[in-house]
Amino acid sequence: MGTYMCDLCGWGYNPEVGDADGGIPAGTAFENLPDHWECPLCGVDKTSFVKV
């Protein structure tokens with residue numbers, strides 16, 4: 001599992017933390033995020049994220 005960063009706003013998704021506000025529990029790999037998940041800061045879909 002790796003960290004992914006939003007190309008638009010720079011928000012980082014860390015799978016060890018998850019996205020509690022978005023209903024994503026800690027330990028969820030980026031690849032396992034639901035298709036409808038979007039950046040909690042700017043709202044773009046997960047195709048706008050790059051692995052860092």
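Residue 1 is the first one shown; counting continues down the chain.
Yeah, the Cβs are placed from backbone N, Cα and C, and that goes for glycine too.
Database features, via Swiss-Prot:
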BINDING   Cys6, Cys9, Cys39, Cys42  Fe cation binding site
DOMAIN    1-52  domain 'Rubredoxin-like'
Intrachain C-beta neighbours of Cys39 (Fe cation binding site), sequence separation six or more, cut-off 8 angstroms: Cys6, Leu8, Cys9, Trp11, Asp45, Lys46, Ser48, Phe49
Least buried by Cβ count (within 10 Å) of the binding-site residues Cys6, Cys42: Cys42
Any further residue of that chain within 8 Å (Cβ to the Cβ centroid of Cys6, Cys9, Cys39, Cys42) of the recorded Fe cation site: Asp7, Leu8, Gly10, Trp11, Pro40, Leu41, Gly43, Val44, Ser48
Number of helical, extended and coil residues in the domain 'Rubredoxin-like' (1-52), per DSSP: 9 helix, 12 strand, 31 coil
C-beta crowding around Cys9 (Fe cation binding site), within 10 angstroms: 13
PLDDT averaged over the residues of the domain 'Rubredoxin-like' (1-52): 97
